[in-house]
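Asks: Sharing a structure below in structure tokens format, with a few things to ask.
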Amino acid sequence: MKKNYFVTGTDTGVGKTLITSALLHALAHQGKKVVGMKPIAAGCEPALAGMTCGDVEMLQAHSNVAAPLNLVNPYSFLPPVAPHIAAAQANVEIDLAVIVSRYQALQEMAEVVMVEGVGGFVVPLTASKTTADLAVMLNLPVILVVGMRLGCINHALLTVQAIRQAGLELVAWVANQVGPEMQFVDENIRALENRIDAPLMGICPYQDQATPIAASKYLDIKSFI
């Protein structure tokens, strides 16, 4: 049975790629055919064959299905800014139907497709569409990565509300400690557990050089197998 998921976060820089890659690694370790997809990537660098993106490369490194780059990452942009701004600067129109088509192609190649959204859940992708609209078009259950830092309770609860209002299922959330400075981490996690009606998949402590393999050890993937 195929199981595919949409991974979103409370903000940019909260560890979506790390957690998505950790999930890919863990599921591949269990014998699943897995592939990661980053439909839109910003903050890329020029390369001989177009552009290179560290996030996309990490997803590819932890996928065990070799998929063409144009399926894994349909849209890539140089400036590290919101997608609709980056697309306008590049004179490119992001077409969500193209992303859906590329996702469907990946779906035929793997048992599990992990689609990582860009930025937060309602970041604009075009003049009229957001990441939430893309998640709805893909009709995927959602995994939420909560970056554990000051303000995360409000950000997490607003994101959960947006996911519910979009009519999507929140199947799990991950608490990812993005820095060493946050106080009362356990208390914040308990507050979120009491308010988020979805299972906590794992708590990833802060690591100076975090890797997907290390992060995967903190994730409970039993429901994904």
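Backbone N, Cα and C atoms are what each Cβ position is placed from, and that goes for glycine too.
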Asks: Which residue of Asp55, Asp186, Asp197 does TrEMBL report at the same Mg(2+) site as Thr17, Glu116?
Replies: Asp55
Asks: Near Glu116 (Mg(2+) binding site), how many other Cβ atoms are within 10 Å of its Cβ?
Replies: 28
Asks: When you measure from the Cβ of Lys38 (active site), how many other Cβ atoms are you left with inside 10 Å?
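Replies: Step by step: centre on the Cβ of Lys38 (active site), count other Cβ atoms within 10 Å, giving 26.
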Asks: Look at each of the binding-site residues, Gly13, Gly15, Gly119, and point out the one with the fewest other Cβ atoms around it within 10 Å.
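Replies: Among the binding-site residues Gly13, Gly15, Gly119, the sparsest Cβ neighbourhood within 10 Å belongs to Gly13.
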Asks: Please give me the CB contact count at 10 A for Thr17 (ATP binding site), counting all chains in the structure.
Replies: 25
